[in-house]
Amino acid sequence: MGCAPSIHVSQSGVIYCRDSDESNSPHQTTTISQGTAATLHGLFIKTDAADTIPSVITYQTRQSRNKSHGERRENSGGHICIEAETQTSHTSVKVSATEECIGPMRLTQEPIQVLLVFAKEDGQSDAFWWACDRAGFRCNIARTPESAVECFLDKSHEIVVIDGRHSQYFEAEAICRLIRATKPSEHTVILAIVPQTPLDQEEPSVRPLICAGFSRRYVENISVSACYNELLQIEHGEVRCQFKLRACNSVFTALDHCQEAVEITSEDHVIQYVNPAFEHMMGYHKGELIGKELTELPKSDKNRADLLDTINTCIKKGKEWQGIYYARRKSGDSIQQHVKITPVIGQGGKIRHFVSIKRPHSDNNKQVHKINRDGDHSQSESHSLRHRDRRKESVDARSISSRGSDAPSLQNRRYSSVARIHSMTIEAPITKVINIINAAQESSPVSVAEALDRVLEILRTTELYSPQLASKEDDPHTNDLVGGLMSDGLRRLSGNEYVFSKSTFPNMSQLVIPVTLNDIPPAIAEMLDDEDQWDFNILELEAATCKRPLTYLGLKIFARFSVCEFLSCSEATLRCWLQVIEANYHASNSYHNSTHAADVLHATAYFLRKEKVKGSLDQLDEVAALIAATVHDVDHPGRTNSFLCNAGSELAILYNDTAVLESHHAALAFQLTVRDIKSNIFKNIDRTQFRTLRQAIIDMVLATEMTRHFEHVNKFANSINKPMAAIEDEGSDSEGPASIRNSPENRLLIKRMMIKCADVANPCRPLELCIEWAGRISEEYFSQTDEEKREALPVVMPVFDRNTCSIPKSQISFIDYFITDMFDAWDAFASLPGLMEHLSENYKYWKGLDDMKCKSLRPPSPPGKDQPISPSLRGEDQPIGPSLRDEDQPIGPSLRDEDQPISPSLRGEDQPISPSLRGEDQPISPSLRGEDQPISPSLRGDTNQSVPA
């Protein structure tokens, strides 16, 4: 029974295999196809010539071949001379793993793997093939640069041989660079095959090969013995050295997780390495220390004058020194350390390094140890403390309860709490953290134990991610803004409850399907041509579409991302769904309307086109993000969660005062979608895919709730930004960041961060759009404050009083507290320099207004000139939106009686979609203000205050 042939399944489904017993050529190819009658090792095959191997072969695996005793193939007719080792025809070459030692560490090295990169088969490739066979190396061969990289990433070969003789097939240096760009190549030896130099020419320089990443070069020689000798030299030289260096990673891993501070310096006392425990103890980052001499660091004045000289005299003699030493931390305070310095002897018997191990020293620690030494049962107690419960890998509670009463009261209290924790049969992650801290407390000085107790108190709080604000006198704008957005109100009910009525959904049979994407009016189509640009003006689209931008923009963006194809739904279904969703946004809201939804959809689509975002998410994630952006504020009443909780609304009661609006948006979106088959975009996808898509949509909509803002931002920064930055600083290949981004947990964080940034991207828009959105959100907050005062409800954001509020201050506070850190983290991931530039310019604009003591949207206009609110977006007779309401006027369509539908635009074909736009004399919301009542006194001002634009 011979050795099994190597087999490759091509893209066409044809199987190619090799068998060294069938032919003298090591690359003789046999093709397995349907209908063949020949047999090879139980396979039906048909034998072809070697030159018929098609280009679809990527790489082939070569196992050890069988050769008969004394087998010799002569170098004639294009075949090379083979001096094979003595083998029987039925015995395979067996290679056992070899053992190596690096210091006291014993290593086992598996058989070496070699990758041959040759564009075509010739005598040189055959020679290396058989040389690998003789040496017992596992061998692969690749024909193209792509297959070479693919095979290398799969096998991580110790040796790569690249044919550099024929540049017409591929550039050897380019392939070498591709392989060197991968992480596994760090410890790989790459050999270049170069042509022989004529005797009358000068030997070429090897510098280009070294610069490309090659380790060695081999001058063309088709002798198997020459190739074999080259491979043996590489194995016993570079390969074994790289193997030992690779094992050093485990030592550094141990140092990184060591609890004692470790510092390694050169013989000249230049810092070469510090571990994380050292950084934590001294307050420095390793980048601030490595490469510096110890003499450059500040010294503590608490050491005696001759201590350093004593230490240097000792360690320069090759002796170990240990004792108490005061070091100065980065903060300037001194820390008492127990230090042990060990010289390391290197080449030539000379001292090459010094290893310092440091740990905090405390007199309190001595006292605790003294108590243990003086006790009658100190050894048994110490042993019982070290006893571990195998099941939990933690301190045995029974051992703790048996301690004597002479231990300090602090420790007794600590031990009893540990016992209670370890009695739990199910451990949550936070419980495991507490177990670790308690275990650390047992062997810590009292001062450290007290500090760890304070840590435990913090961990037991619920607000782990919310920063502590200063007193309200410091910045009332920030405090009111944060209080209004990040809390659920005072939970105080009043006699006048804010109630949502049961909505009457539109009759889909009477719904007029909008025009197709191809039949959009030319003016609107021309606007939509720029939707892929960040500076796209959504407010111009709002005016051109009669306040229906979401339907038109949604059709364009969903088509660009092939949403209909993914959901297997028709364009007509998508159009109906978009119109239903848009109809349930309240046009009476100055901010939370369908224009805001369209703006968030546009930002989400823009982010999805960014390279790192696109490379991190699959199509289901993209579709879920676009749908979530579309529905994320549907049926928003223009009031905050805190207002609804204080007013005792039906929604607040339904959702237990927790993420009230966000839960309502997500739930209503699916209710509207599945209510009628004509608008059900999910009707054709299977149950599993629907559940996955639904969960992703709900998670992103809920992520827009501001109470968990800092939690989402901190998790994104710690799980994605920092690990990616660390990998990039190390100069690693792109696979590391990709693996970080593509994990399921981190993809979830990316989607949450994306929709959060899209939802509040107004400060990153061009200035004119930023100003307009600032005016709209301010008007909505003013209206809420008016109603809170009118209904005797707690005023959630007192600073948003239309008569006294400074809009520039509110924008500055919002950017400082919520926007800057979040977009810094998002920009570091997605690379958004244009947005950050807009953010900087807009911040300067608001800062300038605030410095001028201006409270309005724009600086004061010259005397005698009235500035319209937004002349570029509407006619002179059309105001920006409702800001003041009569007491008997409900806030939004969701508050109307049951007999009145949410969207009058859906009542029939003869009913225009925007009744407010029927004539020039019809204002947007005539029911919400009188002729003599201004839109927003704080935005308009007298002659000494500007009118916003």
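Using N, Cα and C of the backbone, Cβ positions are placed for all residues, glycine too.
Automatic, uncurated: that is what TrEMBL annotation is.
Per TrEMBL, the features are:
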- 254-318: domain 'PAS' (DOMAIN)
- 356-413: region 'Disordered' (REGION)
- 360-384: compositional bias 'Basic and acidic residues' (COMPBIAS)
- 399-413: compositional bias 'Polar residues' (COMPBIAS)
- 516-853: domain 'PDEase' (DOMAIN)
- H592, N593, S594, T595, H596, D633, D759, Q811: AMP binding site (BINDING)
- H596, H632, D633, D759: Zn(2+) 1 binding site (BINDING)
- D633: Zn(2+) 2 binding site (BINDING)
- 855-949: region 'Disordered' (REGION)
Problem set entry | Of H592, H596, H632 (the binding-site residues), the residue whose Cβ has the fewest other Cβ atoms within 10 Å | H592
For this session: Taking helix as H, G and I and strand as E and B in DSSP, count the residues of the domain 'PAS' (254-318) in helix, strand and coil.
Result: 27 helix, 13 strand, 25 coil
Problem set entry | Number of other Cβ atoms within 10 Å of the Cβ of D759 (AMP binding site) across all protein chains | 22
Exercise. Could you tell me the C-alpha distance between D759 (AMP binding site) and H632 (Zn(2+) 1 binding site) in angstrom, no decimals?
Worked result: 9
Exercise. Given the Zn(2+) 1 site residues H596, H632, D633, D759, which other residues of that chain have a Cβ within 8 Å of the mean position of their Cβ atoms, reported in sequence order?
Worked result: H592, A597, V600, A629, H636, T704
Exercise. CB neighbours of Q811 (AMP binding site) within 10 A?
Worked result: 29
For this session: Please average pLDDT over the domain 'PDEase' (516-853) for the predicted structure.
Result: 93
For this session: Would you kindly give the Cα-Cα distance separating H632 (Zn(2+) 1 binding site) and H592 (AMP binding site), rounded to the nearest Å?
Result: 10
Problem set entry | Least buried by Cβ count (within 10 Å) of the binding-site residues N593, S594 | N593
Exercise. In sequence order, what residues of the same chain, 6+ apart, have a Cβ less than 8 Å from the Cβ of D633 (AMP binding site)?
Worked result: Y585, H592, H596, A597, V600, L661, H665, T704
Problem set entry | Pairwise Cα distance for T595 (AMP binding site)/H632 (Zn(2+) 1 binding site) [Å, integer] | 12
Problem set entry | Rounded inter-Cα distance in Å - S594 (AMP binding site), H632 (Zn(2+) 1 binding site) | 10
